[in-house]
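Shown next, in structure tokens, is the structure this report addresses.
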């Protein structure tokens, strides 16, 4: 999406100096800090946390 403020309209990748375009661990073109909750626990589930190096929300490795 060339109209996105984080996206370089030519490459469709994050603009220079920006980390990401979208995702649960991306806000204002930057990765969220490590340890930021990106998916809250439900039932017996545990919270999932941002890594600080990706816009994805990784699954908690301690889940069964």
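Count begins at 1; order follows the chain as displayed.
Cβ from N, Cα, C; glycine included.
In sequence order, 14, 15, 18, 20, 21, 22, 26, 29 constitute the residues six or more apart from residue 6 (disulfide bond) in its chain with CB-CB distances below 8 Å. Positions annotated as disulfide bond by Swiss-Prot, on the basis of sequence analysis: 6-29 (among others).
Under the three-state DSSP scheme, residue 26 (disulfide bond) falls in the strand class. Under the heading disulfide bond, Swiss-Prot lists 20-26 (among others), citing sequence analysis as support.
Residue environment of residue 25 (disulfide bond) contains 26 other Cβ atoms, counted within 10 Å of its Cβ in all protein chains. Annotated disulfide bond per Swiss-Prot: 25-50 (among others), in sequence order.
Taking Cβ-Cβ distances under 8 Å and a sequence gap of 6 or more within the same chain, the neighbours of residue 57 (disulfide bond) are 23, 24, 25, 38, 39, 48, 49, 50. The disulfide bond annotation in Swiss-Prot covers 38-57 (among others) and is backed by sequence analysis.
Feature annotation from Swiss-Prot assigns domain 'Disintegrin' to 1-64; the stated evidence is sequence analysis.
Each residue in the domain 'Disintegrin' (1-64) gets a DSSP state, and the totals come to 0 helix, 11 strand, 53 coil.
Mean model confidence for the domain 'Disintegrin' (1-64) is a pLDDT of 88. With all protein chains in the displayed structure included, the most crowded Cβ environment within 10 Å among the disulfide-bonded residues 29, 38, 50 is that of 50.
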